[in-house]
Amino acid sequence: MADAIDEEFGQFVRSRLPGLRRAAHLLCGDWTRGDDVVQRTLTDVYVKWKRIRQVDNLDAYVRAVLVHRVIDEQRRGWARVRLVDRVPDVGGDDVRLDNVPAEVDVRAALAELSPRQRAVLVLRFFYDMSVEQTADALRCSPGTVKSQTSVALAAMRRRLTPSLTELGRN
């Protein structure tokens, strides 16, 4: 029985891992931190797997755990920073922004947002969730989601408009 449950969890992880990594990268702005958060999220999910594997929307549950993990860790600050003598050349191969000019750095603009604002934008526009679904995932009111979305989009506009205006002139 335990082997079957472990295999079921393994299949779930294999099918969802690329999407979870992309979401964590968008939320954290960093592949390494994103991978750490995904690992912690999957550990949390594994511990509860026997109870939660039959929930109606398991993907929504895991997304909520991921978002809360990111917000909690960013609120506390990253406890561990590893210094290395050389930068590894891995990560990020599954997301391409080759068609976006270097001057328009959406990731940098996302990194300037608060963790909650970044979470709202990722859930609303990357996962294409409704206001109500986002509110459920973040455990807040739909009004909070709307206001956070508005503030976050205004900040993104302020950050990206000069780059886009300059590109339009060229």
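Backbone N, Cα and C define each Cβ position, glycine as well.
The domain 'PhyR sigma2' annotation in TrEMBL covers 14-54. Sequence-distant contacts of the domain 'PhyR sigma2' (14-54), counting only residues of its own chain at least 6 positions beyond either end whose CB sits under 8 Å from a CB of the stretch, comprise 5, 8, 61-63, 65-67, 69-70, 73-74, 78, 91-92, 94-95, 107-108, 110-111, 115, 118-119, 122, 126-127.
The domain 'RNA polymerase sigma factor 70 region 4 type 2' annotation in TrEMBL covers 105-156. In the predicted model, residues of the domain 'RNA polymerase sigma factor 70 region 4 type 2' (105-156) average a pLDDT of 90.
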